[in-house]
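**Q** From Swiss-Prot, for reference:
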type	residues	note
SITE	E229	site 'Required for function'
SITE	D292	site 'Required for function'
SITE	E317	site 'Required for function'
SITE	K319	site 'Required for function'
Amino acid sequence: MDSSPVTYSGEPPYKLRRLSPSYPYVSKLRERCASKIETLSEGSARDSLEEEDVSEAMATGAFLATRLYLPSVLPQRITTLTFLDHFKKSRPLPNSDKRLNPIFYRLAYIRDLVGEMELEGIVERGTASRLLGASSPAGFVAGTYTHARDLSKTMSLASVRDAVLAIEAQTRDQSESQLWALLRRGLATASTMKWGALGPQYHPQWCEVSTNAKGIPNNPALQFGQTNERTARSLISALYVARSEAATPDLLVDPGCGQCFVFDESASVPGDAYACGLLMDARTGVVGASLDMLVCDRDPSGVLSPHSTQTTLDFFEIKCRAKYLFDPDLFSPVATAYANLLKHRTAVCLRKFLRSIKNPAVEYFASTSVPGATEALITCNSSWKPREVNETNRRCGDFDRDHIALNLDASSDVWLFSEPDLESETITPARWDTGELALSVPVFANPRHPNFKQILVQAYVLSGHFPDHQLRPFLVTFIGRHRKRCEEGKTFTICDRPEGSPYNLNEVVHSSCAIPILLFVTPVIVDREGCWEDIEIESLTAFNKTADAIWDSDSPADVSEPTSS
């Protein structure tokens with residue numbers, strides 16, 4: 001076999017076709033964002049993988065055979081093992097002024113949880129210790145209680161990050177995974193945080209509230225969102241994310257029959273390939289977030305692993321608005337407004353369609369006032385001012401006001417979709433009267449809305465794992481309609497332009513999903529420097545208060561030397 005190095009294109013595996021560094025931002029914000037975002041070299045970089053590196057990667061045996069596996073469906077006994085119950089069995093360190101980083105209490109719980117799975121026989125022996133980076137994984141022993149103090153002495157920052165990212169890879173089914181639901185209990189999220197005038201705050205009983213929280217409510221609006229989220233992901237994948245012409249191998253190996261490329265199997269369906277599991281804050285282990293869509297490569301084990309030339313991570317929070325759902329065959333204000341929008345394809349008709357319901361998805365507020373907290377999308381552009389405006393004397397704190405100013409100059413892309421082609425079974429975006437496929441409108445994300453806070457927390461958590469990458473979050477708003485009788489039971493493939501052919505046959509609108517009408521893609525700008533430290537400090541403070549409440553002052557401390565992180 002030729003011993004010369006095997007090379008492959010160093011071009012990143014994913015590129016955003018239409019989200020360039022300066023778009024869709026406008027005004028002064030465009031210049032600032034453009035200056036912050038690093039651009040890739042126009043020349044194609046070349047990387048190489050030496051045979052000796054391949055041998056080292058395979059030295060421990062067949063790497064695919066040792067891929068970590070954690071089940072999504074759990075026995076009833078396992079589902080009752082919560083972080084809070086595990087933490088209540090811990091003990092304070094000898095010197096109360098020296099505390100462990102809470103991440104080690106979280107990982108100690110996860111190790112024992114996976115250990116119980118070993119005892120149940122639903123995962124391989126040694127999985128618990130292998131998850132936490134043990135060089136010689138050993139089987140879990142019944143009755144074991146892992147002390148956070150011990151982990152803090154043996155785990156490096158790299159092994160902590162690896163363990164947290166491995167958990168993310170095993171929980172990508174999100175709400176369909178019992179493991180995802182169990183690990184979220186006892187984690188702080190954007191919804192369990194309180195947001196005061198100066199930023200994030202914690203409820204005194206935040207851990208108890210999170211642990212005892214009921215499951216996701218089963219109402220029509222949420223059902224609509226869960227059903228159509230994958231359609232929105234496919235639309236984003238088709239309209240914004242393009243695979244590079246030369247695919248990037250996750251690992252190049254020689255299994256004995258010649259060199260070959262090995263790719264992450266989960267990436268075979270692009271929309272689902274970008275789905276994320278539960279990400280825990282690598283800084284503290286207190287905060288958790290689950291992203292709807294993250295444009296990032298994964299290694300052969302399914303773990304997030306940005307390509308070496310990828311400097312920007314784009315992620316999307318998807319919201320499907322059920323309140324616009326209508327039957328196109330019935331005469332109604334929404335159906336009429338939609339017919340006019342599809343006929344004329346103007347910004348005026350777009351505004352009329354959005355206002356065809358009682359509470360439009362875009363709220364107008366005067367530039368001298370502040371928006372409410374009801375709608376996730378807002379505008380203060382005079383062309384969007386309705387005939388009747390209720391004047392209010394709303395107030396908001398500095399935290400929200402600063403973020404309103406930061407997002408004020410941002411604009412949204414709006415995509416309008418043609419009626420499905422029943423013969424070719426495709427759906428394509430329609431051109432607006434301007435000739436554009438994506439109409440830029442002066443609509444931005446509302447910092448007072450829970451969706452904005454959710455994205456802010458997601459960005460904070462993600463930044464802890466990839467601190468050297470520029471983050472670009474977007475809020476995606478999907479609006480769809482009921483199917484006509486002739487459309488029922490059909491799966492439609494998405495084209496990225498009217499005259500184009502399907503770019504990827506896996507980017508589809510499934511038969512159970514609504515027919516897409518509109519897609520808003522809105523950039524979200526957060527004050528990274530002002531937020532990250534606040535969230536981290538508040539998280540540590542909240543955890544320490546919870547620990548103090550649990551640990552009685554007379555409880556016997558561990559006899560070992562205290563460890564601080």
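Easy rule for this one: first residue shown is 1, then count along the chain.
Placed from the backbone N, Cα and C atoms, the Cβ positions cover glycine too.
Help me picture where these features are in the structure shown.
**A** E229 (site 'Required for function') carries a helical DSSP state (H, G or I).
Secondary structure at D292 (site 'Required for function'), taken from DSSP and collapsed to helix, strand or coil, is coil. For D292 (site 'Required for function'), other Cβ atoms within 10 Å of its Cβ number 21.
If you take the C-beta of E317 (site 'Required for function') and look for same-chain residues 6 or more apart in sequence within under 8 angstroms, you find L291, D292, N451, Q454, I455, Q458, P473, F474, L475, V476, V524.
Under a cutoff of 8 A between CB atoms, and with a sequence separation of 6+ in the same chain, the neighbours of K319 (site 'Required for function') are G225, A376, N451, L475, V476, T477, F478.
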**Q** Around the Cβ of E229 (site 'Required for function'), how many other Cβ atoms lie within 10 Å? Please give the count over every shown protein chain.
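**A** Total other Cβ atoms inside 10 Å, all chains included: 21.
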